[in-house]
Amino acid sequence: MGVHSFLCSSPWFRMVTDLQKEIQEAVQQRRNFAIISHPDAGKTTLTEKLLLYGGAIQEAGAVKAKRSQRAATSDWMELEKQRGISITSTVLQFNYHDCTINLLDTPGHQDFSEDTYRTLAAADNAVMLEDAAKGLEPQTRKLFEVCRMRNIPIFTFFNKMDRPGREPLELLDEIEQELGLQTYAVNWPIGSGDRFRGVFDRRKQQVHLFERSVHGKRQAKDTTLEWGDPQLADLIEPDLLQQLQDELELLEGVGTEFDLEAIHAGQLTPVFWGSAMTNFGVELFLEAFLDYALKPGARRSSVGDMAPDYPEFSGFVFKLQANMDPRHRDRIAFVRVCTGKFEKDMTVQHARSGRTLRLSRPQKLFGQDREVLDDAYPGDVIGLNNPGMFAIGDTIYTGKRLEYDGIPCFSPEIFAYLRNPNPSKFKPFRKGVSELREEGAVQIMYSADSAKRDPILAAVGQLQLEVVQYRLENEYGVETLLEPLPFSVARWVEGGWDVLEKVGRLFNTTTVKDTWGRPVLLFKNEWNLRQIEADHPELQLRSVAPVAAGQEPIEV
């Protein structure tokens, strides 16, 4: 017997290949995506309707629901329920047909984009949700740029077609012209506003006519007719039918051809139309998404690209959340599984510290609800109890040492000193600030002047600062004061402290240090920034800073 034959017949080899086969089968069934949108585009509504069709919930509850209705499944923090907006990212896993779908629900409110940036690091696909009356909006553009940095596939869903909106062809043109992204309409709307009659599915050449379900709470009844069915003339007004025919001919004649490779490269976006509130087009979108979306794939690490069927387990932390259950004062690390098979009670290595950890109480997350998890595969997200060990971007693994690329910090736009007026509350104040910093609720910076000890909160929007104050008071019993600072732009100095010292005094800017002690310059406006960039290119100012892998944050 040759060496190759001997190895192939050995129990160890069979065990590895059986495990790889099991992982490959699980990966084939996995789809993972995040929804990016501007506030009020209907993100929470679409999320709930996807869960409704996936059987994960029996009844969808509007976000700003009446008291008799349920609160939205994906909004669980008390402040979110009060305001009717999503502030933190949550993870929702559900099954549809033979697929397991991991929906990384991100905040749609404009003040919470940094949490969204981090969530996009764990997503394989993004769904760009747009209001058909408004088209592209500023928040969506920002998030699109983050998707482009990672070259992930983007699926577009134009929502609120049952309300007056812009012309569909005009909306496609806007995406192509402003984002440089080619479009392919997978389905096409029949009318709009109060004359919205449904959609035409170009994949199967079928017309889907929808009846509104009661407030969209239940799955919509779907009447499906083949294109060319004589009944269409009785069910759709002649002018709408003619308009549909003309627009379809135009799409076939001058529209982009379908190209799955271009979709996977993030160069072509499949486009869908519907109304999440009334369930129009939601299931059609879901079925096409499962066919077209990228399955969990290889991810770049310190030892090269890691394929998902690599038999050793690995994953990275993309989010931390404290006090998901205020009764237990818990802290949860959200881990995206990248390779291998995760199993309850397994022992892993923590790359940054080198410590060995036993993962004894892993959890499957569904908004605020959790259940103990026995196993998970690439593309899944698991919740781990976090006794202060994990930081955003951390890698855990079995087998040979590896580390995944860090999750970058993005430039904040609002800055304020956080003051603790009550000296007797110093310990809970420090603990609260430290835990909220670890969680990534806000960036924490400090003055380069060591005499100024108060932390500087750095956020992408005012509401983020309010959330920190709210949580410090409600979860740690500490009342705080904010002292706004007159800056709106931050840039990391890639050249480091040495280069900064050689440059000497800089006008119209203030120097601070970030969580890892790296120099950051704060500017009052873009004009001041451009002036310093022109005068001192050696500073190498950056708007995005990588997570400082392997470094411990400085003490609060």
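Placed from the backbone N, Cα and C atoms, the Cβ positions cover glycine too.
Residues annotated as GTP binding site in Swiss-Prot, with sequence analysis given as evidence: 37-44, 105-109, 159-162.
Look at Swiss-Prot and you will find 28-297 tagged as domain 'tr-type G'.
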According to DSSP, which of helix, strand or coil covers Ser37 (GTP binding site)? strand
Where does Met161 (GTP binding site) sit by DSSP, helix, strand or coil? coil
The average per-residue pLDDT within the domain 'tr-type G' (28-297) comes out at 81
